[in-house]
Structure formats: C-alpha cells, structure tokens
Amino acid sequence: MMEERRTVTALLLLVLGHLTTALEVPLDLSQPPTITHQSPKDYIIDPRENIIIHCEAKGKPHPSFSWTRDGTHFDIDHLSNVNMKQRSGTLVVDIRNDKAEHYEGTYQCTARNDHGTALSHNIVVRQSRSPLWSKEKIKPIVVQEGVPLVLPCRPPAGLPPPIIFWMDNSKRVSQSLNGDLYFSNVLRADSRNDYICYARFPHTQTIQQKQPITVKVLNPFYNDTDLFKEPTDERRPTFLTPSGQSSSKVVLRGQVLEMECIAEGLPTPEISWTKVSGELPAERTSYLHYQKTLRIVNVSEADAGEYRCIARNELGSVHQTIHVAVKAAPYWISGSPKNLILAPGENGALTCRASGTPKPAISWAMNGVPIESNRRVDDDTIIFTNVQTGSSAVYQCNVSNEYGYLLSNAFVNVLSEPPRVLTPAHHVYQVIKNHQALLDCSSFGSPIPEITWFKDSRASTLDGEPYKIHDNGTLEIHGSQTRHNGKYTCVAKNMLGISENHVYLEVKEPTRILKQPEYKVVQRGRDAVFECKVKHDPTLIPTMTWLKDDDELPDDERLVVDSDSLTITDVTDSDAGVYTCIMNTTLDQDSASAELTVVEATPTPPVLPDAPTDLELTEQKKRSVQLTWTPGDEHNSPIEKFIIQYEDSLHHKGHWHNLTQVSGMKTTAHLKLSPFTHYTFRVLALNGVGLSRPSLPSRMYKTDPAAPDVNPADVHGFGTEHDNLVISWKPLTANQSNGPGLYYRVMWRQKGVESDWTAVPVRNASKFVVSGTPTFAPYELKVQALNDHGAGPEPDVAHGYSGEDLPLAAPDNVQVQVISSTQAAVHWDAVPAKLLRGHLKGYKVYYWKERGLHKHNHHHEEKQILTFGGNHTHGKLPGLHPFSLYSCHVRVFNGKGEGPPSPIQPFETDEGVPGAPSSLVITDSNVDSLTLEWSPPHDRNGHITGYTLKYHPGKAIAINNVTKDTTISFVQHEFMCIIVTDKYLLYSSNKDIIKNCLNRACFTLSPAVASRQVDIATQGWFIGLMCAIALLILILLIICFIQRNKGGKYPERGCHTDPEFQPMKEEDCTFGEYSDNEDHKPLKGSRTPSNGTVKREDSDDSLVDYGEGGDGQFNEDGSFIGQYSGKSGCRDNPEGPRAQRRPPLSMP
C-alpha cells in the first residue's frame, strides 16, 4: 500500500505542469464535448409561458444531445409539444394545450460525440405557485393601551416563498422575519380596521393580501366592566421573539445570515448587537427594522459563534444569546477541474479539489459511467500515464454532502498538433512610462509549445530583468521605458513545428498636472479662477473634467470651463466647496483639488485698473501668433482676467471683436487666427470694479489666404412649386471665407435613382432653384465652399424634397359609426404615400346636417370641419343633433393643400331626449271640468311616444301619463298648476302664487265646485268677519235709536247701508299666477269666471307676500306642503270691480 502511495506521489510531481495549464482547444480540432450553458439546478418556471430547459455544448464533431427525466430516458420523439433546438440540446415545451405541472421533475442533459460524453447537472424543474390566501373571518382584536401585541400573517406557501410586508414600520411597530407584525406596546392611535399583511410573489409579480385585521385599543382608565381601571405600568423589556434566554441558528456559507430580537416594554426598548466570540464584520453587516434585525451577507466560517442582542429602556435591560453554526455545501478550493490536453505517450492528472461542512464525498465517472476505485484514482485525483491516441474521454467529478453537490466535466484529449499562435498578429500595445506592460502570446499545440520572445533583430531571447515570461506565454515588462518601444516576436515551438507572431509596444509619457488649482478665499460677488495646467503625451487625446465636492459641476452658466482653467463668476455662498480637475487619457489620468471659501464682500473704492502696455507679437505662424503685454496698475483690486480684442481692417475696419480672455495671472496669450485677415490687437484688464481702458493697438499682423475650412451650414431642400427644388444654405462670413473669390458649388441628385451628382457654381447668393423636377421626390444635397485658393472640405450630405402638389386620392373605406344621439365616430383608410404628393399634414372631416328625421323638420346647416393632424385614420364628431340625417366626407391634405373628397357618407343619429312642449293652454273651463291643449316641443329629437302630465291639486301631487294626444280634461279641483315637463318645482296653495314652473298653466275653478274642497262657512275668518259686520250694524242701530229718541231728523238712508256698497267677499278675492314669461296676455279662447280674476304680479313676489304662513316646507319633488292659516287679504285693485271681471287665466 505504501508502495502505491509513493508511485502516485511521483506521478503527481511529473504532471504538475499539466495541473496549472488550462488550454482552450481551437474548434477546428477534434475534441470531446464541453457543456457551455445549462439551466440552474433549481429551475422555477412560469406556468403561463413555454418551458425552456437550456443545454448548450461545443465539440468536434458537434455533439448530439439526449435527456433523462427522473432518472429514465426522456423520449421527446413521441411528444408533439416538446422540441429540441437545432444544433443544441435546449428543450422547448409548448404548454398552450397542456399544464406546466405535468413536466415537473429532475432533468439531466447528455452531450456526446466520438470522443466522449458530457453531463449537465441535475435540473429540478418546478412551476411557480402563488396560492390564494385562505378566506377567514378575523375577529376584532381588543387590547388595553400599553400592552404588547402580535398580529399574525401566516401567508400561503408559495414557490418561491413570497416576500411579506406590512404598511407599518417604526421603532415601536415592526415586522418579524416570519411576517408577523409586532407591537412593543400599543397606543390609542393604533386603533384601526385596516391592518393588512401583503404577500408579493416575485416570480409571477403578483401581490395578495390577507383579510384586514381590526385592532381596538381601550382607554387605560376605562373598560366594559369597570368605569375606571388603573393604567398599564411602565415595565422593563422582555423578548417577544426569540423565546427563552438563548437560541440557535444554522446558516450556509455564502448565504445571508439574518437574526432578529423583538422586545416589548414601556417605554419602547432600544436594541443593540454584539458578537461574544469576536468582532462583527463591519463591511458585511447591516441593521434592519430599527436594529431589531442583524444581517450579515456572504457568510463564512469565521462568522460562526455566539451573538448577543440587548433590549434596554429606562427601567432595565435583558439580553438574548444566539448560537450560530455555519455549514457549507461543497465548493471548489482552486476552481473546477480543468480540461487536459496530452500528446501520445505523455502523463497527466485531473484534480477535483473541493471542501464543505461536513466534508463532502467525491466520486468519479467517465463518459457518464461511474469509475470503480482503482490505482488510477486517488480520492480527488485521477492519474494518467503514457496515454495513447484514441483514449480521449470526458470525466465527471461529483462532490456532495447533505447541503448540496457539485458536478463538473473535464475532458482528456489526446492530440498531436504543431503549435499555433492565437493572439492577433501585429497588435499594438500602449502603456504609460514606468508602468507594467503585458504582451500576450496565447498559443496551442500538443505537446504544449515552448514560448520564447525576441525584440527587433532577434539578437537574443528576452529573459531576466526587466522581462518575465509567464506560463501562458505572456511577456511582462516591469517598469516600461521609452527604450522598450519597438517590435516584439513571440515564437511557439514543439516537436511538431514552430509558429511565431509579431506585436508592437508603444511607451507613452504620463499625464501630469503641472500647475494645480490653489486654495482660494473669494468675496461674495467676485470671480474665482482655478488653474489646472497639464502635460500629457502628445499622441494621446486628453479630456479635462471638473468636479465639485466629488460630483458633477452644477448646470450654471456662471461656471466656465476652459482648456486649463475653471472660472466661477459672481461667486455666491453655494459655490463654496472642493473643486477637482481630472485629466483623462485613454491610458491614464491625473487629478488635483483645491477648496473655495466664500466670505462677505467688503466695500472697496471704485478704482479701475490701468490699461495694459507694451504689446508685442512673437512666434508668428500662418494660423497663430503669441501676444504678450505688461499689466497696468491694479489699484488694490486684483486683476481677474485680460480680454484680448482684434480689429480686421480688411473686412470690418473700425470694429473691435472679442477674441479670447485669459486669467489675470497671465501676461501672454497664444492666439489662433483665421486666414486672409489683417489683425490688430488690443488688451483690456478686468478687476472687481470693472474694465480698464483699452491698451494701445499692436502692430498689424496679416495672415495669408487659404482654402475655406468649413462649408455652409443649414443646407435645406424644399419646393415652392410642384416642379422645382429650392436649395438654401447659410452663407459663410467674411472671416470664414479664408480668401478672395468666395463661391459655392451646389450639388444635387435624386435619391433612389442611379444618377451622378449635378453641380453648378453659385456666387453672391444663398439659394439655388432647380426646375423641372418630379413632384415631391427625395433629393440628396451638398453645398461646398470654394475660393481662389481651393475648395473647402468634402461637404456632408443633406436631404430634401422637391415641391409638393395636391393629393391625388381621397381616403377609402370611409365608415361612420353612431355612438350616441350627439356623437359619431368616423373611420377611414389612410391614403397611400405615393398618392399624397407631399408631406402628410393630416385629414379633414367635413360634415353637415341635411335635415331632421322628423317630418316637420327640414333644417339645413352649414358644413363643419374637423382637422386631425398626422396619420390619423379615425376621429369623433361631437355636438350632433339627435334624430337627424347627416352627411360627411374626408379629405387628406399636405403642405400644398387638400385632396379630393371621399364619397359622401350619410348617417343618422339616434333619438335623443325631447325638449319641453312649446306651449300649454286651457281651451275650455267649466265649473267642474277643464280642457288643456299643448303644442309639441320645438326639438322633438325623435318620435314622440307620449307625454307626462303633472298637476298640483291643493297639497297633493298627481301625475298622469297621457298618450301623444295634446288635450286632456280635469274636474273638481279648486286650484292647480299644470306642468308638462320632467323637472319642476311647485310652490302652491289656494292662496299662493305658483313660481318657477316651466310650461305651466294655473287656474281656479268656480266657488260652487271649490266648496267641495273648503267650506267657507266653516272658516274662522269668515265667521269673524260676519260677527264684526253684525256688531257694526247693531252699533249703528243703537246710535240711530238714541238719535231718534232725542227727536232729531235723519234721512232714512242714514240708517241703512248703500245697496251698492257691499263688503268684498272672500271668494271674490282671487290670486293670479306668477309667470317668468314676457307674454302675460290671456289665453285665446279661455273663459272668464263670473267671480274670479287673474292678476299679473311682479316676478319677485314670494309666498310670504300672500299670507302669514311663510314657514312652509317642500316635499322631495319640490311641491309645497306647508300649512296656511291666519288672515287672507285681497290686494287693492285700482280699476275697481269691473277690472276684476277679466279672464281668470294668464299663461307664461
């Protein structure tokens, strides 16, 4: 046994190189299968979607695939709804006509070819479940204020488990890990009837809720049995969960550890955590629910031990100890086994090194068949010696314990292949000086090739400082210098051949900030300038970025970023902070920071700086010049910036323009110039007070002419007629022309037609008209600037269209759908683009009313137009008249105008609610009956099927439904208001004026008939009146008797009333009806009662005006039901008794 162990150890030393080398076999070489993609081990599917179980593999030849389900062959050939993707093992299960639960199970994919068989891990397929909450009636929970409370959640078991949450979370009220809601103590404010536990099922994205729980918190001084009760005392904390003084918890390595301690007490306890056996891992630790939950992510074995939570309030504390044990499902120690490529006759080994708690068991299989223990297998290693061609295979390593398993495929491929370099040829590597350079030389060969590197002339191999060749062939250069620039050659060699590759190394200068921004103290309202001068490699493109307090600069126009500075104008308090300039290139970056402090402004005398002097031009070039000057006196106010202006005496003599500005710390400016310009420069200084006078002008500097640098902008193409194309552009300015003889080359060609560009020169214009074009055709356009010294750059292509014309076609298939009596929807088909002959602007719907559908209605209205912009194909027509015949047609319009109309489409609107009858008259009124007539409404809005007649006899409401006849008779009613409408408001009694009635007639029948309603002889006022008259007659008789006894001579008439002077009887006092209609004339044909009058009253009369009872009430339909009592008074009639003989009815 010891002899075998020594042999294995010796072989391991021989094959150590193969353990550390993982080669990728090019796909054009023969190789066993390799699983490249597979579904997860625990695969939860959505039952609403097709099931897709992934299995992808590579190999040469391409592998074939098969599946097992629950350990037996899964024959998909006999299942019509299960398919396997081509050149793949992925299964697609169509569940449209089946249930997903029928396909639950454990699946495993097998990929095989001539060189071996690879296996996927077991894929457990389960459908997600989000069961409904069981219906239960939850009784209200009644508790006393101050006591603890737990509201259970108990959610349904879903797959995956649901996420539980309540809408309540505070230091006093929090949710536990199992979903229950804990109250450390309850308050009166906790009395509610809507405590709801929610369960969110993440896979199906659904949320379900438990039945609401009602909590009623009683006043501590009162309950149902005792009027007064002692309030709940303050108390020290006790734990609600977990129970007892200690508990334990098991967590798996790499998962999340969550522990909770929820305590009750009054006042509400505070929770704190410690680890008894060590320190809490600060970077992986967080607290939830006001520190009631301790959360540690990515748990390791070091997190095992004792944890203590402490609950504390003013009355004391209590603690709970939680023992945490960390277990581990199997995990790789140094990665999964690597594929092994061996040449015939070589030795090698596959190693499967994994760990776990408890220690996992390791088993091996070859091509899916378990390997019995033999001298080739040493626990986690398989030894291969003197391999031969044809012994390629795929080996499976299975590592498992009670908490999980790992399955890995690794093949042994026996090949004889000459070397090949896989790194792309002539690749250029760039690196910053003094940094590490890594030149790749990825290769393949069997046996494994030996890699050597050469530089330039191959005088010697690169080995030793500063060079290092890694096992994978990569060349490392430590601390690259400029001398390391050049061409490098990588050579791969084995016994079967040689291969080489050339790459290049460029060492760049580092980016450095030469002048860093400086700390500044700036008065409020002044300007602050931070300089950041940078040096970088000229072949790298730099990018300057400024930050404020490690964040982006505010979007404020006061912050101006130049190439090497940041200027903040009119500083405010909010500008204070740390400013950082960052210079980035594609290879490196450098940064520097400075702080800005803003202080209160102090008054300074308003003194301007003196003008700069001694302007000089140096470093004169074709497109640039350097300007230097001497600053003037600052007058105790620092110069903030210098402004450089120029005058172009060739194009704009006498006009000065701002060219650039520089910091007040500078006395030199590098100026970029334009060709064909006669420059004169001057400089102004700016301090906190203002601008100085300009300096004296510099000498003139003339730049040579050149071809234009830019082409005209804003090139557009459009048409003013149907057969032309107008090409327009923004002309160049004099400075942009760069030389004399500026003109434009205008080019165009029709898009989509194979043709050459047509070009014409244009001078002194900014547009050109092309005639004879097809209508609304797309064109490509270019405008190039030229002058006597050449042409500008190649212009960009613009796009435009020739002129539009009226559309040729009308919308087809116009259909109208009536939605209601006043609205209809119109639909149509869009006009084809080729018939639009222009840009589609929209559609116009013309519609008009032909006539009403009632035989008496022949109204015709003007056409109305609705416009629908864009490519709409439907719209709605509002405001239609009910029961009417309408017509409509649709037109399309473009930028030129409207196209022809579609065929006229008639449609009829539905019937609507009719209007009120146009009139209501009484045509015959007798002592016990009357006849009403009314006219149909002006707006019939349909076929009239009948009328509803409402009248008010005294204190009751009566409603009669009548047919389409417009005449009805009434009998034996004293006083009534007739309303022919669906809405009415009645104020009525036998003494009141009827108000606010629509289309009504009010009238009084004769006294003989009315007496059936009220007997005047039994009325108190009538008896009182008669008594008063009798008393008056008695007094007169007594007076006459006394006078006669005295012997006086009185005329006989003095003792008797004038027969023509009679007291007004109550029944002679009638009341007219109120009307808000201007027409107060009596109805034609109405009869005049012998004892009644109808009198017009002002519209402001109220019921109180006609009796003492002003406190009447109205019933639900608006009629007056108040009781009337007291005196009745007749209003004076200036026209005497004769005037009261008018007809008794006036209509509104």
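Placed from the backbone N, Cα and C atoms, the Cβ positions cover glycine too.
What TrEMBL records for this protein:
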- 33-120: domain 'Ig-like' (DOMAIN)
- 131-214: domain 'Ig-like' (DOMAIN)
- 237-325: domain 'Ig-like' (DOMAIN)
- 330-413: domain 'Ig-like' (DOMAIN)
- 419-506: domain 'Ig-like' (DOMAIN)
- 510-597: domain 'Ig-like' (DOMAIN)
- 611-706: domain 'Fibronectin type-III' (DOMAIN)
- 711-805: domain 'Fibronectin type-III' (DOMAIN)
- 810-912: domain 'Fibronectin type-III' (DOMAIN)
- 916-1008: domain 'Fibronectin type-III' (DOMAIN)
- 1071-1148: region 'Disordered' (REGION)
- 1-22: signal peptide (SIGNAL)
- 1021-1042: transmembrane segment (TRANSMEM)
DSSP residue counts for the domain 'Ig-like' (33-120), split into helix, strand and coil: 7 helix, 46 strand, 35 coil
Considering the domain 'Ig-like' (237-325), which listed stretch of 33-120, 131-214, 611-706 counts the most C-beta pairs under 8 Å: 131-214
Secondary structure content of the domain 'Ig-like' (510-597), with strand meaning DSSP E or B: 3 helix, 47 strand, 38 coil
Number of helical, extended and coil residues in the domain 'Ig-like' (419-506), per DSSP: 3 helix, 49 strand, 36 coil
Annotated stretches the domain 'Ig-like' (330-413) and the domain 'Ig-like' (33-120) touching (3 or more Cβ pairs under 8 Å): yes
DSSP residue counts for the domain 'Fibronectin type-III' (611-706), split into helix, strand and coil: 0 helix, 46 strand, 50 coil
Per-residue pLDDT averaged over the domain 'Fibronectin type-III' (916-1008), given as an integer: 58
